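Taken from TrEMBL as is:
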- 74, 75, 149, 294: FAD binding site (BINDING)
- 147-170: domain 'Glucose-methanol-choline oxidoreductase N-terminal' (DOMAIN)
- 332-346: domain 'Glucose-methanol-choline oxidoreductase N-terminal' (DOMAIN)
- 584: active site, proton donor (ACT_SITE)
- 627: active site, proton acceptor (ACT_SITE)
């Protein structure tokens, strides 16, 4: 492998690649033998017996690959693992961030659930992007937290493993995407998951049939759950919040126990790197290039994507690598539209002004940005925990925290097995405000939509109008959650999220320079209904905190205080307290018909091009009412089979059973 990495010329690499293919044909007659965890790769010459993780300044060993995947995050690693099950298929993954070593402080930081909160703050895991000032949030700017590491968002998120409701995915299908409704997605949710039942003494209900058993991502509960969490669950039940046996069955609404992306055998994070890449890293047909940024997609005169330019940093000369079959963008909802724009795919007026030669005029590129706006710890409560209950505030004491970390290292027990938690309520609007929800919806129907969008392009407007109709209709039912409430073990309303905002932001570029940071404008609260729903949600939280089941904690509202009740006052409070998202960015290369501002079709192919697809959260047309990672895994699993089916001669395993 060392010899291969140091090849001075691409011709040498091609020579060895030809030798590899000839040798493969000799020892691998038809039908194709598949790679899988139980079927290891064939014995090959020593310089091709392992997947290559290529260092920053080393050229990739092959000049041409079957597939080039841009982004080694959640979806990119799913695709890489699935496509390379066929040993005759070569795949190159290019990731801008590092591959974390298999041991050491960085590994412990990512794998330990209790250290989750520190990860997104580490500069070496982030892109360091700041949003434009948000005029609806006091002109404040916000960090746009994007993972820059092999494993992507699954390496740094809060480990919540939730699905949205059936109506969330049925809306995807209703937007012109056959096969992407709940019935078409459920099998792919299950394919990625390996569910582990909770311990009986936790008293957590579940529906075994709602979960996958053989997937590569572990879904489980930690071996420690704060006792106050169970009391909050019971209090919500008493308060009248529906409590399904298992919210993963398409219900997606109610008082829910939530699994984590957790390997219960080790009490460690289960994510795309451990689940998908580590399984495939011994396969010789998968190459991973880290610490390099893709600068541009190359097209031929027929608008077929033929390769990419990449470099580790601006001081190095860019390199070129080519593909035979497809380039697949899996760079996420911020960098995928950015790369499309840099490559000449996007709104023609923007491209002409920069100037960038137009390959495919698609006004929807970068439009339709969605996230889950959130309000943290507002209202804030003073509470009294029973003396026998462990207090999460103790973790702020360095000595206590060190003791708990030592306990975790030694026994894999205690609070360090807990990440974001295991309980949340996903609430429909009629439950939040029974007396006002109809009036709010009717008012929203009358509002002009111009303020909700950054563009007046007729195709983008048409797509948004259809989204808006679907959302407002669903808001009047109890089958769609508009808000999420998480009350952490510290007994504060830790966060309540707006799950289906009507406001739409955008992603753009200000220069043809690929090293310039993208332009991100969330435009949070540009649609007035979003703010009004959050105000109603605050009233719901206040009522719940005063409810019978919460009396044991003697909650007293400290801020803003019970005297602040007027709608205008509460709206201003929301503007001061809100964040534009919870790092659940999606929608910026939407899967919708082109005449509705779509960027990709139902087979995830970019309109107006050939050999180019998008497989990441940017294709999600309407954000789901839950945390995104389970949905991204499902999209990538489904996409893997779509790609195999669309490429003649690829006979590797297809179907949810693989």
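Even glycines carry a Cβ here, placed using N, Cα and C.
TrEMBL annotations: computationally assigned, not manually curated.
It should be emphasised that the depicted structure is a prediction, and the values quoted were computed from it without experimental measurement.
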Checking the binding-site residues 75, 149, 294, which are within 10 Å of residue 584 (active site, proton donor) at the Cα level?
none
So which residues does the domain 'Glucose-methanol-choline oxidoreductase N-terminal' (147-170) touch in its own chain, when a touch means Cβ under 8 Å and the partner is 6 or more beyond its ends?
71-77, 95-100, 110, 113, 116, 119-120, 124-127, 180-182, 184-185, 189, 193, 217, 219, 247-248, 250-253, 256, 258-262, 269, 271-274, 277, 288, 290, 332, 419-420, 424, 426, 474, 477, 479-481, 583, 622, 624-632
If you rank the binding-site residues 74, 75 by how many other Cβ atoms lie within 10 Å of their Cβ, the lowest count goes to 74
Where the residue listed as 'active site, proton donor' falls in three-state DSSP terms:
coil
Among 74, 75, 149, 294, which the record lists as binding FAD, the farthest-apart pair of C-alpha atoms sits at a distance in angstrom of 17
For residue 627 (active site, proton acceptor) and residue 74 (FAD binding site), the CA-to-CA distance in whole Å is 14
Going by DSSP assignments with H, G and I as helix and E and B as strand, what are the residue counts for the domain 'Glucose-methanol-choline oxidoreductase N-terminal' (332-346)?
11 helix, 2 strand, 2 coil
Taking helix as H, G and I and strand as E and B in DSSP, count the residues of the domain 'Glucose-methanol-choline oxidoreductase N-terminal' (147-170) in helix, strand and coil.
9 helix, 3 strand, 12 coil
Mean pLDDT for the domain 'Glucose-methanol-choline oxidoreductase N-terminal' (147-170), rounded to an integer?
97
If you count the other Cβ atoms within 10 Å of each Cβ, which of the active-site residues 584, 627 comes out on top?
627
Determine, from DSSP, whether residue 75 (FAD binding site) sits in helix, strand or coil.
helix
With DSSP assignments reduced to helix, strand and coil, which class does residue 294 (FAD binding site) get?
strand
